[in-house]
Amino acid sequence: MVVLGLPVASGVHPAHAHAHGGVAWHSYKQLLDAWRGSHVSGLAELKRYLARFWYMAKPRHDTTDAFDEHLELAVRRYQTRLSLPVTGWLDNATLDQIMSPRCGVRDDEEERRPVSVTLSPGQGGVVSRFTFFKGEPRWTLYDPPIMLSYVVSPTATVDYLLPAVVRAFVRWAWAIPVGFVETDNYEAADIKMGFYAGNHGDGVLLGILSHAFSLKNGRLHLDASEHWAVDFDVDATAAAIDLESVATHEISHVLGLGHSALPHAVMYQSIKPREKKVDIIF
Ligand SMILES: [Zn+2]
Ligand SMILES: [Zn+2]
């Protein structure tokens with residue numbers, strides 16, 4: 001976690017002012033209102049951030065702090081994908097999103113297709129639209145229920161966090177014909193959950209909130225350096241992130257779901273500190 005050295009723009013909670021994108025942002029204030037033609041220290045990092053999450057081609061090694069037409073296009077694409085006003089410049093709403101804690105899974109659109117899913121009768125049989133990775137989802141209402149095993153790695157895991165993880169699995173088990181059973185066999189588990197920090201061996205640098213792979217891989221990783229909350233009533237920390245919300249989101253990735261453009265959806269790519277987003281139906 002990198003704390004900015006300069007005061008943040010008014011209206012932005014200081015809790016957002018750290019590097020959830022895995023890069024050390026120079027300053028929120030510095031980047032605010034940058035637009036095509038601007039040359040501001042920190043724009044090179046912004047390009048790397050936008051490239052990492054699909055919005056522009058990977059910049060060359062000697063990338064500059066110039067706000068060029070490629071960056072403008074990427075900013076427009078980002079604003080469109082996140083349902084923000086599409087301005088093409090770094091307005092307050094856009095920077096607020098960029099500074100917000102987000103999921104490490106890319107926001108690719110080409111590989112996702114919108115699918116309507118009928119949830120089980122316990123959920124009212126409501127048809128809900130999700131986006132899925134290619135070839136997903138893996139369950140249907142007509143096949144026998146699938147049973148998936150999960151394990152939470154004891155490394156860096158604090159016991160008081162576990163109830164929130166269990167609640168997230170229970171939410172999904174209510175909604176779809178998939179059951180989840182806890183196991184202590186890490187190698188054999190379908191879903192391998194754990195808290196890690198920094199470079200932890202799968203090619204993804206944590207510094208973002210969390211990330212997950214598809215069911216074939218099954219890994220679901222949460223950033224050990226975040227302040228995770230299981231109950232906001234007893235945890236007053238301003239920067240606390242709701243673990244149940246993020247676990248529900250990442251389990252969805254393991255089940256094959258992609259990101260949603262709806263800000264209040266559990267599958268939106270970011271979550272604010274002290275925000276709770278757990279409803280699977282939207
Ligand atoms: Zn995600
Ligand atoms: Zn990982």
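Along the chain as shown, the residues are counted starting at 1.
Yeah, the Cβs are placed from backbone N, Cα and C, and that goes for glycine too.
Feature annotation from TrEMBL assigns motif 'Cysteine switch' to 101-127. Residues annotated as Zn(2+) 2 binding site in TrEMBL: C103, H249, H253, H259, M267. Look at TrEMBL and you will find 135-281 tagged as domain 'Peptidase metallopeptidase'. Residues annotated as Ca(2+) 2 binding site in TrEMBL: D190. As annotated by TrEMBL, Zn(2+) 1 binding site applies to H200, D202, H211, H221. Summarising the annotation, TrEMBL assigns Ca(2+) 3 binding site to D223, E226. The Ca(2+) 1 binding site annotation in TrEMBL covers E226. What TrEMBL records for E250 is active site.
Secondary structure counts, DSSP: the domain 'Peptidase metallopeptidase' (135-281) has 29 helix, 34 strand, 84 coil.
Between the CA atoms of H221 (Zn(2+) 1 binding site) and E250 (active site) there is a gap of 8 Å. In this view, the densest Cβ surroundings among the binding-site residues H253, H259 belong to H259, judged by other Cβ atoms lying within 10 Å.
Listed in sequence order, the binding-site residues among C103, D202, H211, E226 whose CB lies under 6 angstroms from an atom of ligand 1 come out as C103. Around E226 (Ca(2+) 3 binding site), the C-beta neighbours below 8 angstroms that are at least 6 residues distant in the chain are P101, L209, I241. Candidate recorded positions: D190, D202, H249, E250, H259, M267. Those with a Cβ under 6 Å from ligand 2, in sequence order, are D202. Checked against C103 (Zn(2+) 2 binding site) by C-alpha proximity, the recorded positions D190, H200, H211, E250 yield H211 as the nearest. Excluding the listed site residues C103, H249, H253, H259, M267, the same chain places V105, A212, E250, S252, L257, G258, S260, V266, Y268, Q269 with Cβ atoms within 8 Å of the centre of the Zn(2+) 2 site Cβ atoms.
In terms of C-alpha distance, the listed binding-site residues H200, H211, D223, H259 place H211 closest to the residue listed as 'active site'. The shortest Cα-Cα distance between H253 (Zn(2+) 2 binding site) and any of the binding-site residues D190, H200, D202, H211, D223 is the one to H211. Least packed by the Cβ count within 10 Å, out of the binding-site residues C103, M267, is M267. Annotated pair H259 (Zn(2+) 2 binding site) and D223 (Ca(2+) 3 binding site), C-alpha to C-alpha distance, rounded: 19 Å.
Nearest to D202 (Zn(2+) 1 binding site) in space, judged by Cα atoms and limited to the binding-site residues D190, D223, H249, M267, is D223.
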